[in-house]
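The structure appears right after this line, and notes come after that.
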Amino acid sequence: MYRDPDNPFNTWTGIGKRPAWLTAKLDAGISLEAMKMQGVANPREHRPAKYRDPRNAENTWSGTGRRPTWLKELLDSGLSLDDLKI
């Protein structure tokens, strides 16, 4: 990913046609390497599992996001979230 040093909202992924701002910078003598972004902006934080499938211990859920299918099935069968807490 490349970013315009003068305007951080101008970015280019490196795929497709080069935008006008990038072409202008290259014509002005600025290298692609100088505009390359460093690292990952916001790495995802791993959340520990809070619930486990009693039928298959590999199925876990952290309690955030959409409920997985296995959890929905167990809740529909009459179990509660408290029954599945780790």
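Using the three backbone atoms N, Cα and C, a Cβ is placed for every residue, glycine included.
Owing to the predicted nature of the structure, the values given are computational and were not obtained by experimental measurement.
According to TrEMBL, the features are:
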- 2-37: domain 'DNA-binding protein H-NS-like C-terminal' (DOMAIN)
- 39-66: region 'Disordered' (REGION)
- 41-86: domain 'DNA-binding protein H-NS-like C-terminal' (DOMAIN)
- 43-56: compositional bias 'Basic and acidic residues' (COMPBIAS)
Long-range environment of the region 'Disordered' (39-66) - Cβ separation under 8 angstroms, sequence gap at least 6: 74, 81, 84-86
Helix, strand and coil totals (DSSP H, G, I; E, B; other) for the region 'Disordered' (39-66): 0 helix, 4 strand, 24 coil
